[in-house]
Amino acid sequence: MATFDDLLEEAGTFGRCQKRIFALLCLLSIPVSAVYVGIVFQGFTPDHWCRDAAVVERRQACSWSLSDSRRLTALVVNNSGVLQQSSCEQYEVDWNNTRLTCDSQELNLTNVPVTACKDGWEYQYEGRKSLVTEFNLVCSDAWLVDMYQSILNVGFLIGSFAFGYLADRFGRRVSIMMSNILNLIAGIVLAVVPNYISILVVRCIFGFGVKGGWMNGYVLLTEMVGAEYRRTVGIVYQMFFSVGNLILPLLAYYITDWRWLQVVITAPYLFFLPYYWFIPESPRWLISQKNTAKALEITEAMAKENKKKLSKNFETVTEDEGDSPSASLLDLFRTPNMRKHTFILMFNWFTSAVVYQGLIMRVGIAGGNVYIDFLISGLVEFPAAFLILITIERIGRRLPFAAANIVAGAACVITAFIPDSMFWFKTVVACIGRLGITMAFEMVVFVNTELYPTFIRNLGVSVCSTLCDIGGIVSPFLLYRLAFIWLELPLIIFGRFLTVRCIGKIHIALHRRQTTFYFGTTFSQPQNLHIPTHER
């Protein structure tokens, strides 16, 4: 009795039809980048200091510069060994009752008492507006910027499970349509809601839809091509996320208001709505739903577009072997080997998300030109995909995986101790770290699927990848709060994470070369992978 893979061999494993679907679905990956790391620009915190209405009025009358008027409100403090003007404290002087002349910026304020900012803040941001400047999310409220990013990952976490169920229940194509509609509505609402609490609620919903749609596209794409193409199309699909990283700083440079930037980030989902009529349902899913007639109809249409013709030997098509309905969470921890694999993979997913997201968000607080630095760091992600494709089939998984982590960890630690005066050298080393973690992150996706036997593979990937979103929830607080103590401290922590990951990899036999495997998600994918009993 034939399986869908047999049917696909005759229809074409990667013909014109699959290439068209591949091109359309890859476009889904581009705006996900702007949603995921748009906080670098939408939540940018510019240089700021306490505002005093009387000083502002005198500055305008006397044509003072910002630095002249800032001297009257912002005291000089020692921040990690560097003398700089305070952003959160001001001199406790009632300038309304003090004779303020145009020469007052020369006053000696050394022994004047200080207090927390009372009348808000001024920002040196050249007419731009971010979430931070609109809601004054600085000083004691700075953690609310962290929450803005964390709540997105909460939406990702919920969306992974919800859309996994929806895709298995109603189909891949329908769930992508539902995601695009939700993303369009939530993204536009997010751009117009007036208060911070509403923004958090809508941002969570936005993350819920975006992660679900991206994941559905990933699954549909890999289910439509032959086994020998799944790894390649999966990596390229992820690489289009990096394309979004290149487009985002260009958009942010020319769009000066974070709300309008949000509108532009959301706009592509309007053009994704017609996908419902241009992309067929997954025949694999239809077969799993016992709708073989419709699966054959779609496959015949694919064969026709690929200029091929199906034989008449496929009147009945069986479902490929998938996860056992009796598989349970306990199976992931039942044997010592399985338990070891599960814990190490969970830690890898968690640290990948923490370090990858952390390194991207760090661009916004590093102090350089955020637009150029973001663009440069985005460019180094492309070699990661090519290095994976070149190395894993030649020298296996273990060495590239471990090397990527060692390089990323070493680069993080070295970058922390390079002085700011060596700017370009520091930038190059930081980019090498970004290359390493990107390569490691992309590899953990498919390595996860290779380490579990068939009957619990998708359950294992679902549980382990959940730690990715939990890492995303933690990462903003870890980066921004530690950077408040010392700007380079997060890099030391990231380097430590990656060192521990390398130790874990020694215990996993990642070098086993598989001829076919599937990029796992929360969906049921019927792909066999034999693992010897002693490895289970």
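Cβ from N, Cα, C; glycine included.
Taken from TrEMBL as is:
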- 97-513: domain 'Major facilitator superfamily (MFS) profile' (DOMAIN)
- 21-41: transmembrane segment (TRANSMEM)
- 147-167: transmembrane segment (TRANSMEM)
- 174-193: transmembrane segment (TRANSMEM)
- 199-221: transmembrane segment (TRANSMEM)
- 233-254: transmembrane segment (TRANSMEM)
- 260-279: transmembrane segment (TRANSMEM)
- 343-365: transmembrane segment (TRANSMEM)
- 371-392: transmembrane segment (TRANSMEM)
- 399-418: transmembrane segment (TRANSMEM)
- 424-447: transmembrane segment (TRANSMEM)
- 459-478: transmembrane segment (TRANSMEM)
- 484-504: transmembrane segment (TRANSMEM)
Long-range environment of the transmembrane segment (399-418) - Cβ separation under 8 angstroms, sequence gap at least 6: 355, 359, 384, 387-388, 391-392, 425-426, 429-430, 432-437, 439-440, 443-444, 447, 488-489, 491-492, 494-499, 501-502, 505-506, 510-511
Whether the transmembrane segment (484-504) meets the transmembrane segment (343-365): three or more C-beta pairs under 8 angstroms: yes
Paired segments the transmembrane segment (199-221) and the transmembrane segment (147-167) in contact, 3+ CB pairs under 8 A: yes
Highest-contact recorded stretch vs the transmembrane segment (21-41), from 147-167, 174-193, 260-279, 424-447, 459-478, CB pairs under 8 Å: 260-279
Candidates 147-167, 174-193, 233-254, 371-392, 424-447; stretch with most C-beta pairs under 8 Å toward the transmembrane segment (343-365): 424-447
Local confidence of the prediction over the domain 'Major facilitator superfamily (MFS) profile' (97-513), expressed as mean pLDDT: 86
Stretch contact, the transmembrane segment (147-167) with the transmembrane segment (459-478), Cβ-Cβ under 8 Å, 3+ pairs: yes
Recorded stretch that, among 233-254, 371-392, 459-478, has the most CB pairs under 8 Å to the transmembrane segment (424-447): 371-392
